[in-house]
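Participant: Sharing a structure here in structure tokens format.
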Amino acid sequence: MKITRRPEWLQKKVSPAAHADMERLLGGLQLHTVCQEAHCPNISECFRQRQATFLILGKLCTRLCSFCNVTKQTPLAVDQAEPERVAAAVELLKLTHVVVTSPTRDDLADGGAALYAATVAAIRNASPQTKIELLVPDFAGNQESIAAVVSACPHILGHNLETVPRLYSIRSGADYRRSLLMLEMIRRLNPAMKTKTGLMLGLGETEEELFQALRDLRRVDCSYLSLGQYLAPSRSHYPVQDYPSPETFDRYREQALSMGFEHVESGPYVRSSYHAEHYGTGTGHAKLSPAPAD
């Protein structure tokens, strides 16, 4: 039976007091995070632990996806000093694992690939021990851009599939097959590189559609997977169609692991970079943290 009202397991509280220190640090370095721009429900938990997913290439997106809270406007010029500021934050926070992502920049010839590569280089120079994960857009299928981020040699290179083919109309300008081909190309260019993707549940997908998407991902040898609950940022966004139970997420995780994914995070509050440091640890999944009481 589908649940269409927000259930009790999705009542995690946000604590602004937990944000103050991190927001001062990020503001001082003129940096953005997807945690803030996407109104992530895990922001208090992650900021309390001094973790953040850095949003480079500005905070304005050129696409109009109906599920996303990132602002859609004509972006500003690329800030070439941004990689060094991200690296400074990584060093100050003493991060052992960092995730860097961006809005889609269809206005740029390379989609922002060069700045991704520069950011990897800056982090590696400032904090050589930090594991670097990139979560990149599709670069409009530009193979030179994909090759550029692969050549930067992040430890993990992610690109989110987001949903099943039937529902791809919610992804403005995106193409299901193009995203799969991108993940396949990454592995072809560097067979040792770990690829990662994420899907949102509750958009109206069927279980068989989800499992077919997982089979498609295994066919392109995708290594890591995240499955999380879609939560509409506002009433003007695409409405939630269903709230799968925590037990359903557990079952999906076991199904995905049985298909050959090396690590799967699956739960209502799972997001692409949630517990990112646990991928590749050999545990299969992390124990999810309880919702903070404050």
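Cβ atoms are placed via backbone N, Cα and C, with glycine included.
Under the heading [4Fe-4S] cluster 1 binding site, Swiss-Prot lists CYS35, CYS40, CYS46, SER273, citing sequence analysis as support. What Swiss-Prot records for 47-262 is domain 'Radical SAM core'. Positions annotated as [4Fe-4S] cluster 2 binding site by Swiss-Prot: CYS61, CYS65, CYS68.
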Participant: Roughly how many Å lie between the Cα atoms of CYS46 ([4Fe-4S] cluster 1 binding site) and CYS61 ([4Fe-4S] cluster 2 binding site), rounded to a whole value?
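Facilitator: Distance (Cα to Cα, whole Å): 24 Å.
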Participant: Find the average pLDDT over the domain 'Radical SAM core' (47-262) in the predicted model and report it.
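Facilitator: Averaged over the domain 'Radical SAM core' (47-262), the predicted model reaches a pLDDT of 92.
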Participant: Whole-number answer please: how many Å between the C-alpha atoms of CYS61 ([4Fe-4S] cluster 2 binding site) and SER273 ([4Fe-4S] cluster 1 binding site)?
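Facilitator: Cα-Cα distance, CYS61 ([4Fe-4S] cluster 2 binding site) to SER273 ([4Fe-4S] cluster 1 binding site): 19 Å.
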Participant: Excluding near sequence neighbours, so keeping only residues 6 or more apart in the same chain, what lies with its CB under 8 A of SER273 ([4Fe-4S] cluster 1 binding site)?
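Facilitator: The list for SER273 ([4Fe-4S] cluster 1 binding site) reads VAL34, THR53, VAL99, THR101, GLU133, LEU135, given in order along the sequence.
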Participant: Just counting, how many other CB atoms are there within 10 A of the CB of CYS35 ([4Fe-4S] cluster 1 binding site)?
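Facilitator: Within a 10 Å radius of the Cβ of CYS35 ([4Fe-4S] cluster 1 binding site) lie 25 other Cβ atoms.
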Participant: Within 10 angstroms of the C-beta of CYS40 ([4Fe-4S] cluster 1 binding site), what count of other C-beta atoms is obtained when all protein chains are considered?
Facilitator: 24
